[in-house]
């Protein structure tokens, strides 16, 4: 081995010992004829001192520059009092260097590694191999490794088997677009990269493996957001002969143990909340319980008002009128309210009504709002009492189709909570349960809210008679308003699976073409089974406090699903395309 210790491992117990370090020159300083090198490796920094007494080594140290790769041998010694650095793990010691070998030189990096805040993300991704040298980036990937190690250990200890499933599969309708891979040996046919190992893990349960897990790479060709990538990693889990409460218990214990082991954070038992309650109170199926603001329904008080913006949705069976009280925010300037009005417009809201509660004892005169003139005072008082409004509060209103109100006020609740620093705690884990089986599309057709293999809480006949009322045996783990993982009890009965397909408009021919292998497996003694998949990237993002999952993936794609470092995706030569039986169509030239 070239090194005896990592830089970050040096401490006072090594005082007087000889060590050999290998790494990069993080910083070079010349003070009063003495040269100081901060040497960096994966584990941290160490200060190495070179004095002129060793002329040859001193001359070498004088020639090194930032990011040179070096091997240094020297003796550990305690730093003098007053020269210790509490910000470094090895800040109480230094190494007196007496041998220095330059293993490789380096050009000046495109950006400084300790002053990176003004560097654009595209530049950082273009030189990701340099960006990852920054200690804060290395720390995130090291924590990611600890997280996966902890999870594997827990699942191994609880009887789960790590089984790999295929990357090349067949296209199936799972919601997002597939990444397609053309087949050379089957002209005109395509593999699909997996959006999840869903069907294969169910088949492993049919095969009798009982408890399965996999740290699985998954692919979805969809528009990217801050928490999405075209390729991402799932902690995929499936079990047989366990019900919802069993699976929830096993996976919750895993997450609680993970946070204790990695962050020394202890969680109480996670609360459970039905989907309907989450949407009603928080406007979201992944509520952030750290924010003490709730949506309150007030439609019953606004059905008879002449203000159509309120009375229309209040009398619409698919409409909703809800209020959101923000304590102590009546002094909010109009410019801020205008900004929030634009913000809710992103979610389809046509405006943002409000009432500032200045002095309730004065009745309407104590309220400041352009809408109070449209609402009878008795109804106003009921609304203000219902939301718990007191002097100094502001109450926002949303009135539209229920989905728009939930989306707009739910997002506003989060934004206001962060803007006004209303968060009451650092962590808020929970379970959301009792999801609907289906959601209605704009054209009136139905889509599976989770996926079409989720078991409903009813019989096949009841499902087909009233699919809109059917609840599923699904459950999502939510942390700080982010869905960490989603799962369900699966359908293990062929007739039930076919009933779900029929509700989704998948006829028998399409069932056989796309899911024949699954229906075939369900005929041969499929056990009751269920599972859950966690998004590893999101989990690491939350645990590290990163702003995006791109910060916790070694080599992520950009927002437009490209790789600026390798220039992927790239073009393919004509010979390769001919072997794949593919001919490219010329794109029309832009005028």
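Glycine is treated like the rest: Cβ placed from N, Cα and C.
Among 229, 497, only 229 appears in Swiss-Prot as part of the ATP site alongside 220, 221, 222, 483, 535, 536, 537, 538. Between the stretches 198-201, 202-205, 206-209, Swiss-Prot puts its region 'Aspartate' entry on 198-201. Of all the binding-site residues in the list 483, 536, 538, the shortest Cα-Cα distance to residue 490 (L-aspartate binding site) is found for 483.
Each residue contributes its Cα atom, and for residue 483 (ATP binding site) and residue 31 (site 'Important for tRNA non-discrimination') those atoms are 52 Å apart. A straight line from the CA of residue 222 (ATP binding site) to the CA of residue 450 (L-aspartate binding site) spans 17 Å. On the backbone, the CA of residue 538 (ATP binding site) and the CA of residue 31 (site 'Important for tRNA non-discrimination') stand 45 Å apart. Shown in sequence order, 144, 147, 148, 215, 232, 233, 234, 235 are the residues of the chain, 6+ apart in sequence, with a C-beta less than 8 angstroms from the C-beta of residue 536 (ATP binding site). Within the model, the region 'Aspartate' (198-201) shows a mean pLDDT value of 95, rounded to a whole number. Here the recorded positions are 31, 450, and the one whose Cβ sees the fewest other Cβ atoms within 10 Å is 31.
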